[in-house]
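If you check TrEMBL, you get these features:
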TRANSMEM  32-55  transmembrane segment
TRANSMEM  75-94  transmembrane segment
TRANSMEM  168-191  transmembrane segment
TRANSMEM  211-234  transmembrane segment
TRANSMEM  255-280  transmembrane segment
TRANSMEM  300-318  transmembrane segment
TRANSMEM  339-356  transmembrane segment
TRANSMEM  368-394  transmembrane segment
TRANSMEM  468-486  transmembrane segment
Amino acid sequence: MIDTPTSRHEIEKPADDSTWHKPNLKGDWCNLYLLTMLYTMQGIPFGLSVGLPIIFQSKNIVTYDDQGSISYVLWPYAIRLLWAPIVDSFYVRWIGRRKSWFIPLQYLIGALLLYLANNTDEWLPESGKPNLKMIVCLLFVINLLNTTQDIAVDSWALTMLKKNNVSYASTCNCIGIAIGMFIGSVCPILLSSEQFCNRYLRLTPGPGGIISIKSLIFLWGVVFLLITTLVTIFKKEKDTGLEDVKINIFQNYKLIWSLLELSSMRVFLIAVLTSTIGYSTMDTVANLKLIDAGVSRDDIMLMTTAMSVLRIFLPLPLAKYTGGPKPLSLYMKCTPIRLLWSVPYVLLIYYTPFLIKNNGVVNVPIYYYFILGFIFTINELLADIMIITHLSFFIKISDPRFGGTYLTLLNTARSLSWVIPNTVILKMVDVLTFNKCSNDDYGSCSTTNFQNICTKQGHNCMTILDGYYIEAAICMTIGFVWYAIFKSHYKILQSKNNSHFIVDLKRPISVYL
């Protein structure tokens, strides 16, 4: 049975954690490195899922509607709460509460990556339309397994590190995911690019990249299997002081409902669910629009590479701010700045064709790279700071007795806040874009039939208003409304002690194998 905080019974309630203890990593460095490596493994499939749309857009072989369909591969991150209680409730005790899930999941992901590598040449040919159906289905399954692994690792992080160091779990998460995303998205695009390799990596120009996407995916599959084996053999899981608190699967699902009954939790979840709408157009469509405007995918990935290095080291100096008692203050300071930063992004995308093209020929001047790099860096820097502060607060209020379910509830809200707008915005770009035929001011190119009629007459469809600009304006307006509503709520929430985010738990019947 799970009671609300107003219940008369207060059995097994954890001690109040409102007193902040200064972190001390002595004796915890190995666990810190291991946790970072586990999050790095999570980031690789996610990075691959994010990188493929860039590859498709650069080849001009998919529509924005197709891109919306490709975004479904990330939906497992938004629905993982559905099975989080199962991960928290069932395990093989002699293997370990988290390792019972981590080991088979990692082996399965490794095997599926090997299967994807074996079919890459057929599903992702050099020319022609890719087999989107098979790619989306397989990546969806891989991400499904990856999100389940994420539940186990998030829960493990709460007990792997010492109590006073647990705030560093958000640092490990951000650093590891950044490294994994770099490996999964940037590496396959740049290392398989003939242009990039000839310009930066080869002394003598040659055909193709230095390594194919197929070979990289195969390598990742092997590494997954190897690292999983090493963790299985050498890392023993400890749950000191928590093994006497076990709840069965039905009580774990009821726990979610009990958490949702907490007024502080409801307010916070609503805020998180709507927190990214304001800059979702900038995050989702901006890079694709730059590619449409003539910027090469290699240049986009070079910017991403620079940011990946920054993401790896950024959490370290931020740790003293995010590891403190009030991490959300930094989040709210960054919010209006990042919302306003969508204006330079819109202007950059609008003027890019005029800056880099001369008589239809792309010739990118040096100053354009500085402008692009500056705008891109500030946006990514603000985004990373905001992610780290949210994760730090998640960990601060989470109950380690059922950390997998608790953290998954919070992370699911954060994922939903990004995944849903991502899909909707991609699907709506073409719908909100207004075109006309070049020979008729009143002609329409809104449908495929009208476009065919226009081109058969020897004319082109011209864009009157790009849907991207409409979406950017709508999202920024929503973002400022969100800021006005939740600014005071965030200040109040981070001032409350952890008892406002914890449910009281009666000792239940344990369920394990």
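From the backbone N, Cα and C atoms, a Cβ is placed for every residue, glycine too.
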Next on the checklist: Pairs of Cβ atoms less than 8 Å apart decide it: which stretch in 32-55, 168-191, 211-234, 300-318, 339-356 has the most with the transmembrane segment (255-280)?
Outcome noted: 339-356
Item to check | seg_contact(the transmembrane segment (368-394), the transmembrane segment (300-318)) with at least 3 CB pairs under 8 angstroms, min sep 6 | outcome: yes
Next on the checklist: Can you tell me which parts of the same chain pack against the transmembrane segment (168-191), counting only residues 6+ beyond its ends and a CB-CB cutoff under 8 A?
Outcome noted: 23, 25, 28, 32, 35-51, 54-55, 154, 157-158, 161, 197, 209-211, 213, 216-217, 220, 297-298, 301-302, 304-305, 308, 311-312, 314-316, 318-319, 322-323, 384, 387-388, 391-392, 394-395
Checklist outcome for this item: Beyond a gap of at least 6 residues from its ends, the CB atoms lying under 8 Å from the transmembrane segment (211-234) belong to 34, 37-38, 41, 44, 48, 99, 102-103, 106-107, 109-114, 116-118, 120-121, 124, 183-184, 187-188, 191-192
